[in-house]
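Asker: Dropping a structure here in structure tokens format, bear with me for questions.
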Amino acid sequence: MTTEPGYLSPSVAVATSMPKRGVGAAVLIVPVVSTGEEDRPGAVVASAEPFLRADTVAEIEAGLRALDATGASDQVHRLAVPSLPVGSVLTVGLGKPRREWPADTIRCAAGVAARALNSSEAVITTLAELPGDGICSATVEGLILGSYRFSAFRSDKTAPKDAGLRKITVLCCAKDAKKRALHGAAVATAVATARDLVNTPPSHLFPAEFAKRAKTLSESVGLDVEVIDEKALKKAGYGGVIGVGQGSSRPPRLVRLIHRGSRLAKNPQKAKKVALVGKGITFDTGGISIKPAASMHHMTSDMGGAAAVIATVTLAARLRLPIDVIATVPMAENMPSATAQRPGDVLTQYGGTTVEVLNTDAEGRLILADAIVRACEDKPDYLIETSTLTGAQTVALGTRIPGVMGSDEFRDRVAAISQRVGENGWPMPLPDDLKDDLKSTVADLANVSGQRFAGMLVAGVFLREFVAESVDWAHIDVAGPAYNTGSAWGYTPKGATGVPTRTMFAVLEDIAKNG
């Protein structure tokens, strides 16, 4: 059994014609669309030329008719096609035909197909030849993310018998297909690594171990790493991290990961600097303000923001982004004990702001506040932070749509990019009047309001108090989207999703390109 993080990605190759040999065990994934005939619904192959002969296409479509296939979105069928050298054909429905396809539609279709592969270790696909922007990379991302599995803690008796998807061959004639395919593989591998971290149970991923794994992952791609232990945190005045972590026998950490990408830029002096901050609560009982027992086990995911930040900064180094990226990741375990902070305690955050802790279950904002102040000391141009911040996010937006708060212009930029990459972040306001709800009679701020309304926005207003005025800032609340408690869908498995790794990395790419 292995419990180390770091996803072993399938190999990815690009071909301009159907391989003729050595693919007898492979599955060919072919997209199909509905015919649009209401009285006689059927399915036809969506992308074939120049990879499939007309008689092969006819053979596939005949098999689909025999199965009463309709080409509906996410519908899959397995066919034997003797004229092809592959073991079988797997068709995946895209719904109605389009002139151009949204990348996330193809990403989802690839994920659906990958989840239907069962024991197949090698796939070939014509999905990437469909018209649309970003289709090749989306195809690879969907296949890798859809085939993701986490079995590190299963015994030999219950572990899956197959090795999982190990080889992907993308059929595509575009000149830059290989570059785009490898980019998609790198992004998906980073997301899968974040998933591995989140899926690792808190018995094995506590703050010191989390810091160790972050260090190992980061050093493998050449990042500078600093790990600050509990003694140094206390001495430096990180009151939020220490306060949240003091109830646990497993002390907190703060990790700093630095990608010095400006030296890769054509003009290093003009290269932007981006700070990333992610909440790393390795397990959240709620502390003295304890959570209900029924769903508490899902709080293994309360470090999803930190996992995504670690995955993002390591991906920035791996793909050599020409900007500086500095990640500040606070890590703590929120436990009830004789040493835990109490409702009514006052702590002093890093930087000097005092906070009255009215609810120990609103702990994420306390460790984030410390990290935000430290991150702003680096004088970044932009700050992106993410966390499973509030249950109110799921009330407002559900379990699939992150809430994006922050500086108006940058918030909108982050949300638009999130929607483009398929993580569907939605911009949320931060009304100034909500600050009145955070007034304390004994400290500078209270950590919660006395209202039951606008919980996500109140948390965002709290965090805004710690962001330097000169910094463009966005917070991505992924309380629901970071962890899927329902059934798998598209390229999203049950359990950790890796959201918002793709959003943050796409924002970094956009900043590297456009400033």
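Even glycines carry a Cβ here, placed using N, Cα and C.
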Asker: Out of Asp284, Asp444, Asp472, which does Swiss-Prot tie to the same Mn(2+) 1 site as Asp361, Glu363?
Answerer: Asp284
Asker: Which of these, Asp302, Asp370, Asp378, does Swiss-Prot list as part of the Mn(2+) 2 site with Lys279, Asp284, Glu363?
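Answerer: The one candidate that Swiss-Prot places in that Mn(2+) 2 site: Asp302.
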Asker: Taking the recorded Mn(2+) 2 site as Lys279, Asp284, Asp302, Glu363, identify the other residues of that chain whose CB atom sits within 8 Å of the mean position of the site's CB atoms, giving them in sequence order.
Answerer: Val244, Gly280, Ile281, Met299, Met303, Ala332, Asn334, Gly364, Ile367, Ser387, Thr388
Asker: Identify, in sequence order, the residues in the chain of Asp284 (Mn(2+) 2 binding site) that are 6 or more apart from it along the sequence and have a CB within less than 8 Å of its CB; answer 'none' if there are none.
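Answerer: Once residues fewer than 6 apart are set aside, Asp284 (Mn(2+) 2 binding site) is near Lys291, Met299, Asp302, Asn334, Asp361, Glu363, Gly364.
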Asker: So for Lys279 (Mn(2+) 2 binding site), how many other CB atoms are inside 10 Å of its CB?
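Answerer: Cβ-Cβ neighbours of Lys279 (Mn(2+) 2 binding site) within 10 Å number 31.
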Asker: Counting only residues 6+ away in sequence within the same chain, which have a CB under 8 Å from the CB of Arg365 (active site)?
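Answerer: Arg365 (active site) has long-range Cβ partners Leu389, Asn447, Ala459, Phe462, Leu463.
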Asker: Determine, for the Mn(2+) 1 site, the additional residues of the same chain whose CB lies within 8 Å of the mean position of the CB atoms of Asp284, Asp361, Glu363; present them in sequence order.
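Answerer: So the extra residues in range turn out to be Val244, Ile281, Thr285, Gly286, Gly287, Ser289, Lys291, Asp302, Asn334, Thr360, Ala362, Gly364.
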